[in-house]
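Engineer: Pulled the feature table from TrEMBL, pasting it below:
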type     : residues : note
TRANSMEM : 6-23     : transmembrane segment
TRANSMEM : 30-48    : transmembrane segment
TRANSMEM : 97-118   : transmembrane segment
TRANSMEM : 153-169  : transmembrane segment
TRANSMEM : 203-224  : transmembrane segment
TRANSMEM : 231-250  : transmembrane segment
TRANSMEM : 280-298  : transmembrane segment
TRANSMEM : 382-405  : transmembrane segment
TRANSMEM : 440-457  : transmembrane segment
Amino acid sequence: MTLSLSFFVLSCAATAAFLWFYVRPTLSLSSTALSLLLFFHGPAFWYYTRRWALGEGSAFDLYREAWPEHSGAGDALHTASSQFYSSLSAAVRNTEVMQSLDFAVGLTFACFCLGIWLTDRILKCPPRVHDEALRRWHEQAFLPMAPHRSKQLLSMTGLAFVVLLYFFFHDNQLPKVYVYFATAAGEFEKIAMRREMGGSPSYLFNLLLSTLLPFVAFALWTWWREGGGKGVGGLATAMLVLVVTAKLATLSKAPAAIFVLQLMALEIARGSLDFTVRQAITLGLVALTLFSIMTFVANSDLGGARESLLFLFYRVCMIPNESLVEYFAIFPGQLPHTLGNDIRWLAILKGVEPLQPSFWRVAELMRGAPGSTTTAMFMADAWAAFSWAGIVTCAFIFGCLLRWIDVQLIVKRGRTGTTIAGLGLGHHGVFIGMSTAFQTSLLTGGLLLIVPMVALLECKWPWPERGHADHD
């Protein structure tokens, strides 16, 4: 075992221990992020780089057996030329590339944990304080929403309905979803449909669909589930239907499935943030079912259940690590680190011409296909921009931010409808960070907006009505 691999294994084991004994397996954002890091880039990282990418391992044999290398189905599923896979194979055999990647993933684990620990120290919230907050969350009664907060939530709901209904008709969401789901087509055809028809041309609506609109839907749903009445239930159901339809209209596999999982986590959080093995299995099975359905819709040529599960394993567990290999094969071997010039706002502040985003350039060089993209977790873009400084800083800040949000919602505020909605939105931000750049998770993922939106619903009217209790 090489020194770099030993460091990765040690960091992975230490992170698992840190999660279990310090952070605890809960639905808090820091715990969710650590769990996803270990799931996507723990043993799966080792298996991809040491077995799968080399054409070895029982899972790879089953995958290759399902789609022979020269069959039409295999070509469609791999979506790239043999040159791409030759480049990947060469990258994982390159000692310099793999040493850098092993150390980078290990440092990501370590710095993320360090950010969580240091935030607790600065805010004077050791594990016992978090444990006490989790206990209160479970035991305290859920108080009815105060009148001034319900008025503000209903005002936000009205605006949300106006926006959702406008774009429902403006973007022809329902016909778009029907055509995409009803058309029997291969992967390439569905990719072309997604590029031509998917989503909305409005950046503002896409941003609202990722942040404010789900937050309002979650707050309404929680209000209804905690005794808000039939009228609130009707509003919540209508809001959820419109949000799900808009997410399906992106014609992408993840958004709608992730939204359903967010709602399930929200239901669990209404009672307790403790995450049991049974709940983990239930969420895992639901996630497997949802992504299997969406994967089959995206590529109806997959075949039977066995082929679908193997392909899903490749897309969920192998591709996140395949993307990391792509980034480390390109930077700095073929392209110099960008020093942040591929981040548009930062390049403008520096007074330089913004570079094309890294996910475009990596895909073009590795796949030889302009127009395609390679997205990877936050660490990859940090590496492309700032090398080792990016790895350390980005992981550290990400850990600090998520732990700070946990303290604001769970420790300081406790179980209310707005904090539950904030956690629901935060889980989406964590997923965005696990699949794209850190700066994307801040705005598109909504991490920077969670506490302000919770505070917005908590603030009082300038002249509150007398005689009403100020509680949630």
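Cβ coordinates come from backbone N, Cα and C, glycine included.
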Engineer: For the transmembrane segment (6-23), what are the same-chain contacts with Cβ under 8 Å, counting residues 6+ beyond its ends?
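Structural biologist: Contacts with the transmembrane segment (6-23): 30-31, 34-35, 37-38, 42-43, 45-46, 102-103, 105-107, 109-110, 112-113, 116-117, 127.
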Engineer: Name the range, of those listed as 97-118, 231-250, 280-298, 382-405, that has the largest tally of Cβ pairs under 8 Å with the transmembrane segment (153-169).
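Structural biologist: Top-ranked stretch among 97-118, 231-250, 280-298, 382-405: 231-250.
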Engineer: Any contact between the transmembrane segment (382-405) and the transmembrane segment (231-250), i.e. 3 or more CB pairs below 8 Å with pairs at least 6 residues apart?
Structural biologist: no
Engineer: Please indicate, using numbers and ranges, the residues of the same chain that are 6 or more beyond the transmembrane segment (280-298) and have a C-beta under 8 Å from a C-beta there.
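Structural biologist: Same-chain residues near the transmembrane segment (280-298) but 6 or more away: 25, 180-181, 187, 190, 253-254, 256-257, 260-261, 264-265, 308-309, 311-312, 315-316.
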